[in-house]
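**Q** Let me begin by handing over the structure; questions about it come next.
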Amino acid sequence: MSGDYEDDLCRRALILVSDLCARVRDADTNDRCQEFNELRIRGYPRGPDADISVSLLSVIVTFCGIVLLGVSLFVSWKLCWVPWRDKGGSAVGGGPLRKDLAPGVGLAGLVGGGGHHLGASLGGHPLLGGPHHHGHTAHHPPFAELLEPGGLGGSEPPEPSYLDMDSYPEAAVASVVAAGVKPSQTSPELPSEGGTGSGLLLLPPSGGGLPSAQSHQQVTSLAPTTRYPALPRPLTQQTLTTQADPSTEERPPALPLPLPGGEEKAKLIGQIKPELYQGTGPGGRRGGGSGEAGAPCGRISFALRYLYGSDHLVVRILQALDLPAKDSNGFSDPYVKIYLLPDRKKKFQTKVHRKTLNPIFNETFQFSVPLAELAQRKLHFSVYDFDRFSRHDLIGQVVLDNLLELAEQPPDRPLWRDILEGGSEKADLGELNFSLCYLPTAGRLTVTIIKASNLKAMDLTGFSDPYVKASLISEGRRLKKRKTSIKKNTLNPTYNEALVFDVAPESVENVGLSIAVVDYDCIGHNEVIGVCRVGPEAADPHGREHWAEMLANPRKPVEHWHQLVEEKTLSSFTKGGKGLSEKENSE
C-alpha cells in the first residue's frame, strides 16, 4: 500500500507542477495547492499506537502510586500506632497491679505476674479441698468385668499425676512458699521426706486474706537455691509407700498450715525414688539383673479357660502393675511372651506398650493341648522391656502350674501373680526351617528357605520385616550370597524360596553356609535378628550334623529346624576361624 501511496503523491505533484508552470495566474492554483497539502498530511497520519502507549503508561504510574501510598500507610501504622497502643495498654493494665501490690503484694504478680490469678481454673481440685471434678475420662478396656474390684487381688489405686505449677491456686502457692520450696515454672523443687518437708502442703490458709509484703520478704529469704537436674517422673504405688531415712539429708523445716476445724492434713504429690538415681549401664539403660533372684517386679493379671470340645487352653492377658523402670526416662516399654513348658513349640507375644509401668493388654491367645497332657504342662509368662537398638531386657517371669484347676475358676475373676525377677535367660530370637540338597554331577547346592517362627520383634509395632540371606563361606571369607523376598509385619514368615550356589565336588568339604535372618528398614540400616551356620567346621553341632546328612544323601533335600543365635554368640564360623561380622550379614 505504501508504493501506491507514493505513486499517487508523485503523480499529483507532477500535475500540480505542470499546472503551475502552464497557468501561473489560474484561479484553480489555490485549490490544487490545498488538495496537495491534504494529501501530504494524509500520508503522515498520527498512529494509534502512541495513544495506547500513553494510556498504558498512565495506568502503571497510577497503580504504583497507590501501592506506595498503601505501603507508607502500613509502615506508619506499625511504627506509630501499635507502639503507642501497647504503651497505653500496659500503662492502663499496670496501674491496678501496682495498686494491689502496695497493701499485700499479691501472689499473682509475685510468682507469675501478668495480671491474672494463678490456679483459677483448678480452684475445685480435690487436693485443694474444693469440690471434686475429674481431670480425665476413665478408661474402660474390653473385658472390663475382669478388671472390677471384685476380682482376686482387689482393685489397684490409680496412678497419681503431676499438676503444672502455674495451675495451683494462690493459697496453694502460699503454702508451698511457706514450706520452704521456691515456686518455679520450669523445674519445681522435689519435696523432702516425712515431717521435714516430705511433700508439698496444698492447704488453704486459715485466714481468707493474702499474705502481707513483710511475710513475702521472709519467705523469699527461706527459699532454697539448689535444684535437682530433672523433673520428677510420675509416681507409682510402690513410690508412695516408700519411706526414706530423714537423717540422710538436711531439709529446710516445713511450716504446716492447719485446716479449718483444727485438723492438719498433708497431701504428698512428689517423692524421690532412690532406684532411679542408681548407676546406668551402657546406652543409658539401667541394669535389670543386679537384684536378688526371685525378687518381685510388679504383678500381672490374666484369666484361663479350657475348651473341652476343641482341646484348647485360652489365655487372656489383662494387665500388669508396678513394673520396674528399665529406661533412663523412668518408664519401660513392656510386652509379654507366653508359651507352654516343657516343649516351647508355640509362643505368643503381646503388643508393645510405650512409656508405661502399668500396661493394659487385654489380648487373648489359644494353645492346642489335649486334656490328658494339661496336668503335666506349665504356662510360662515372660515380661520384657522393648529396646529398639539393643537386646530386650527381661523384667521378670511367672511360671504357672495346675492349669486345669485354675481354668475351672469363674471367668469373671482374674488371677493375679507376682512377677519374679528372672536370671540370665538365653536370648530367644526364633527358629528357621530350611533344607539342603547337593547335586554332585552338576556341582549345585540348593538351599530352600521354608519358614521361620517366633522371630524377635524389631519394630515398635511388635513385628518385623524379615528376609533371609544365605552366604557361601570358605575359610572365613564370603564367596557368594543370595537373598529371599521381604515379608512385611510378621514374626512367622513363610518363604518356600530356593537359593542356588555353584559348588564343585572337590570343594564341598571346604565350604559352609552362614544363614542370617535380617529385619528390613526402609530408613536406616537393616538389623540382623539372628544367624545359624551349617558346614563341616560349624561351631554348632546341629549345623555339622545337617551338613553331613546332606552329603550322605545326595540329590535329596534334607530339612532341619535351626535355633537362631546372636551374631556375637557365634564369634566365628569355623572352630577357631574367622566369621562374618554383623555388618557383613546385614548387607
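Glycine is treated like the rest: Cβ placed from N, Cα and C.
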**Q** Between R286, R482, which does Swiss-Prot record as omega-N-methylarginine?
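**A** Cross-referencing R286, R482 with Swiss-Prot, omega-N-methylarginine lands on R286.
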**Q** Pick from 10-34, 360-384, 435-459: which stretch is listed in Swiss-Prot under region 'Cysteine motif'?
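**A** Range annotated as region 'Cysteine motif' by Swiss-Prot: 10-34.
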**Q** Taking only the residues in the domain 'C2 2' (428-562), give me the average pLDDT of this model.
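**A** Computed over the domain 'C2 2' (428-562), the mean pLDDT is 91 on the 0 to 100 scale.
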**Q** With every protein chain in view, how many other Cβ atoms are within 10 Å of the Cβ of D393 (Ca(2+) 3 binding site)?
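**A** Within a 10 Å radius of the Cβ of D393 (Ca(2+) 3 binding site) lie 22 other Cβ atoms.
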